[in-house]
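Look at Swiss-Prot and you will find GLY2 tagged as N-myristoyl glycine, backed by experimental evidence. According to Swiss-Prot, the S-palmitoyl cysteine annotation covers CYS3, on the basis of experimental evidence. What Swiss-Prot records for 40-472 is domain 'G-alpha'. Among the features that Swiss-Prot reports, region 'G1 motif' is placed at 43-56, with the record citing sequence analysis. Summarising the annotation, Swiss-Prot assigns GTP binding site to GLU51, SER52, GLY53, LYS54, SER55, THR56, LEU294, THR300, GLY322, ASN388, LYS389, ASP391, ALA444 and lists similarity to another entry as the type of evidence. The Mg(2+) binding site annotation in Swiss-Prot covers SER55, THR300. Per Swiss-Prot, the feature region 'Insert' maps to 127-235. What Swiss-Prot lists as region 'Disordered' is 162-199. What Swiss-Prot lists as ubiquitin cross-link is LYS165, and the listing cites experimental evidence. According to Swiss-Prot, the feature region 'G2 motif' maps to 292-300, an assignment based on sequence analysis. The annotation region 'G3 motif' is assigned in Swiss-Prot to 315-324. The region 'G4 motif' annotation in Swiss-Prot covers 384-391 and rests on sequence analysis. The feature region 'G5 motif' is assigned by Swiss-Prot to 442-447, with sequence analysis given as support.
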Amino acid sequence: MGCTVSTQTIGDESDPFLQNKRANDVIEQSLQLEKQRDKNEIKLLLLGAGESGKSTVLKQLKLLHQGGFSHQERLQYAQVIWADAIQSMKILIIQARKLGIQLDCDDPINNKDLFACKRILLKAKALDYINASVAGGSDFLNDYVLKYSERYETRRRVQSTGRAKAAFDEDGNISNVKSDTDRDAETVTQNEDADRNNSSRINLQDICKDLNQEGDDQMFVRKTSREIQGQNRRNLIHEDIAKAIKQLWNNDKGIKQCFARSNEFQLEGSAAYYFDNIEKFASPNYVCTDEDILKGRIKTTGITETEFNIGSSKFKVLDAGGQRSERKKWIHCFEGITAVLFVLAMSEYDQMLFEDERVNRMHESIMLFDTLLNSKWFKDTPFILFLNKIDLFEEKVKSMPIRKYFPDYQGRVGDAEAGLKYFEKIFLSLNKTNKPIYVKRTCATDTQTMKFVLSAVTDLIIQQNLKKIGII
């Protein structure tokens, strides 16, 4: 009897049908476990137009739930901020001339010291004073050229999709096909830009003849990364440049006048912070603080994932680049989203896009939010709208009327609360679904305020997720 039982057992084990069933059971069990893990994972999508403050929100999440920033990140930001500080002051000098603003530093007789500071600054090439590999390697260099070379303005437009709704279509196909009209428009734009840029370059070369022997516009990037890395000469030291920037920022009235009109051209949003703290950034061995990193900006390219745990809940935050050329990648992370965090820069109602200076940033954000909110991809997905940079908004509305850019605004000039309610109403009115939209007012660089806001938001999202999976 024992042999018979043994033979039967061996026969069962070798039965192909039984083997397939057991294999299927293992696969099914694995899928169920994975499905359960997916249910427990809260997947957030962080979206918004370029320079809205998305990445700063993510930095705050890292500070709260990931233990902050690595030593390498702190060194990287120190390099990037130093380069941006030099270029930002150069931009103010050059833009002042384009805007017809008289600079004290242009007068070598009555303002000899400031004139000398200007010469020091415009002779300095920012890339000579940083370690490009620490700053981010080729990604940093490419972004640097696109940001600071006026010759690349046309290239930024070409890389742009040209319209907010061209990020993706409802069938899931990435919209990257240009019509004949698009091509004709680009050709005309390139010709117009070429004429205008050539004219500007000639004028700038004339202006810069007193700055160096070549008469080159120092804002234009003329070196390849290989040439930069191979260059050993250091005619100026960091302290010289820092002192020049500090003197120009504190003592040249024209620089401050130009800065007050920075909505008319592209300038780093934290330029004033860089200038106010320029001496510490001048140290080649400086290690950035949390505040420095929150103020600094490194362009988001592609899609980054950040994971952290809050209690028993696992969060995954997807941060996608906000500029138009990056949006075609968004569709790859639309599936399985628990909530969308949309970041809106309130203070940029009077500014133009970096990638297309013919388009108002707030108008772009409105169109983008409308497209995402009513997309089939997010039919039942709750949205959390961050009205960001409200500190800058509250200051700006005192001198820059909202009605100048939004004629239907009826609130009092300088009334920040009325302005916030006006824009909040615009965004909420776009909702053509029954999904909830939660609005939070934020200053993403204020750690204490963001700690409170993000704690409230994560608690809300956890509750929403528990409802979704049927636990409550």
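Yeah, the Cβs are placed from backbone N, Cα and C, and that goes for glycine too.
Mapped onto this structure are the features recorded in Swiss-Prot.
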{"residue": "GLU51", "record": "GTP binding site", "DSSP (3 states)": "coil"}
{"residue": "LEU294", "record": "GTP binding site", "DSSP (3 states)": "helix"}
{"residue": "LYS389", "record": "GTP binding site", "DSSP (3 states)": "coil"}
{"residue": "ALA444", "record": "GTP binding site", "DSSP (3 states)": "coil"}
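Mean pLDDT for the region 'Insert' (127-235) in this predicted model: 46.
All protein chains considered, the CB of SER55 (GTP binding site) has 23 other CB atoms within 10 Å. Sequence-distant neighbours of the region 'G5 motif' (442-447) (same chain, 6+ residues past either end, Cβ-Cβ under 8 Å): 53, 56-57, 59-60, 63, 290-291, 294-295, 343, 386-391, 453. Among residues of the same chain six or more beyond the region 'G1 motif' (43-56), those with a C-beta under 8 A of the stretch's C-beta atoms are 269, 294, 297-298, 300, 315-324, 326, 330, 333-334, 336-345, 348, 353-355, 361, 364-365, 368, 372, 386, 388-389, 442, 444-445, 461. Within the same chain, residues at least six positions away from LEU294 (GTP binding site) with a Cβ under 8 Å of its Cβ are THR56, LYS59, GLN60, ALA444, THR445, THR447. There are 27 other CB atoms within 10 A of the CB of GLY53 (GTP binding site), with all protein chains counted.
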